[in-house]
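Database features (TrEMBL):
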TRANSMEM  28-46  transmembrane segment
TRANSMEM  58-84  transmembrane segment
TRANSMEM  96-118  transmembrane segment
TRANSMEM  130-150  transmembrane segment
TRANSMEM  260-278  transmembrane segment
TRANSMEM  284-307  transmembrane segment
TRANSMEM  319-345  transmembrane segment
TRANSMEM  351-371  transmembrane segment
Amino acid sequence: WNNIAGHVTPIILALFIGAWSDKRGRKLPLLIGLFGKLIFSLMIIVNTLQPSWPVEYVVFTATLPSALTGADVTIFATAFAYLVDVSSISNRTMRVTILEVCYLASMPLGIAFGAYLFKFVFNRSYTYMFVVNSILMVLAILYTSLRLSWRSNSMQRPLSEASNKFLDFFDYNHAVSTFGMLSQYRPGNKRTYLWLLLIMMALYTFQRNERDIMLGYCYLTFHWNDGQYSIFKTIQSGLQDIILLLAIPIMSKIFKWRDTIIIMIGAIAHVMGRIFYSTAVDPYVFYIGGVFAAVGPIVAPVIRSLVSKTVSTSEKGKAFAVLAVADNAVPLIAGTSYNALYYFVLPYNPGYVFFLTIATQIGVFLLATYIHSRTHRNEFEIEIPPPKPILHTENDLLQEPNLE
């Protein structure tokens, strides 16, 4: 129920968040999302100070209030959209990659540093742990407030122009325009490519829930303890961040490889990693798989960059909101799928569970191959102009804006 409460509401809000940020700017929704995460941390502190409260209270006091702000969906959609707004076509992939590194690196660093604080500094106090988290969220809110601009492109208008702030956000036209962004005709088969990129992101994200069964697999196969598994994940995460920072600049700037080639390499790396995982008898073979798997995350930032190149400036918020939904909705299905498959194959060979990841990443590879074969080198290197409004009457024709 906690997962449902934390994911369903932000997914619904995503229909409005992206379009509204295209209209009013990225800063305010980003602040709202960060504030939602602060509410979550503060209410967890309250729950830890009330030992008589049942654990279900976390859903109503922390998860649901945070979800009403959009939380992670809002933060990731607006952060990536803001970055794309202030980046040129030529440096967009690299900047999105750096943001992806910050996002991915925070998880292993947070777990490692948090484990140290929890065991050796805070005497296993959850209260102090979430106090630290709350302080970090306050710093993020302050930085966003002081450093980011209210409007990141010239098409955004100030919120003060809205007569009703609530209805300005919950405007059904926002939801309509979000769906319209997905169905709107785009020259050069860009609509098809947009859909394929969104499907690619969903398939790629699927493998992240593999971690739910990875720990049990390592216990069973190699008889690892928590410390040995933690060492493996720390090494893999560090290598992953280094590869992200080095591989994409080398591939795109030095070798001049197209974005689709980079996606294919990342997908194949994930497949190779899972082949080693599933057949490993000795830990060193599993580590080799970890090296291959560490190359895989180059896929996500390149997909995000390509999505931004298939839509106009006035649609980027909507596009990244849909991507954020993929990031948050897919785990609801993926987690259940991995757990069900793991327990099904456990009596035969638990390594078979990695075939699910292999299947999804082959899907990513095939879709990237299709786009690569249907487009030329500079296909995605031209900024997409805003869509022209549909004109119905003579009065519309007289009022048509100049979009040149």
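The backbone N, Cα and C atoms fix where each Cβ goes, and this holds for glycine too.
Remember, TrEMBL labels are computer predictions, not curated facts.
Given the structure is predicted, the values throughout are model-derived calculations rather than measurements.
If you count C-beta pairs under 8 angstroms between the transmembrane segment (351-371) and each of 58-84, 96-118, 260-278, 284-307, 319-345, the highest count goes to 260-278.
Away from its own ends, the transmembrane segment (284-307) comes close to residues 80, 84, 92-93, 96-97, 99-100, 104, 193-194, 197-198, 200-201, 204-205, 207, 218, 221-222, 232, 235-236, 239-240, 243-244, 247-248, 251, 259-260, 262-263, 265-267, 269-270, 272-277, 319-320, 323, 361, 364, 380 of its chain (Cβ-Cβ under 8 Å, at least six residues beyond either end).
Among residues of the same chain six or more beyond the transmembrane segment (130-150), those with a C-beta under 8 A of the stretch's C-beta atoms are 25-28, 30-31, 34-35, 37-38, 41-42, 44-45, 48, 82, 114, 117, 158.
Counting Cβ pairs closer than 8 Å and at least 6 residues apart in sequence, the transmembrane segment (319-345) and the transmembrane segment (58-84) reach three or more and so form a contact. Against the transmembrane segment (96-118), the recorded stretches 28-46, 58-84, 260-278 differ in Cβ pairs under 8 Å, and the greatest number is found for 58-84. Remote same-chain residues near the transmembrane segment (58-84) are listed as 1-2, 5-11, 13-14, 17-18, 21, 26-27, 29-30, 32-37, 39-40, 43-44, 46-47, 92, 95-96, 99, 103, 148, 152, 304-305, 308, 316-317, 319-321, 323-325, 327-328 (criterion: CB distance under 8 Å, separation of at least six residues from the stretch ends).
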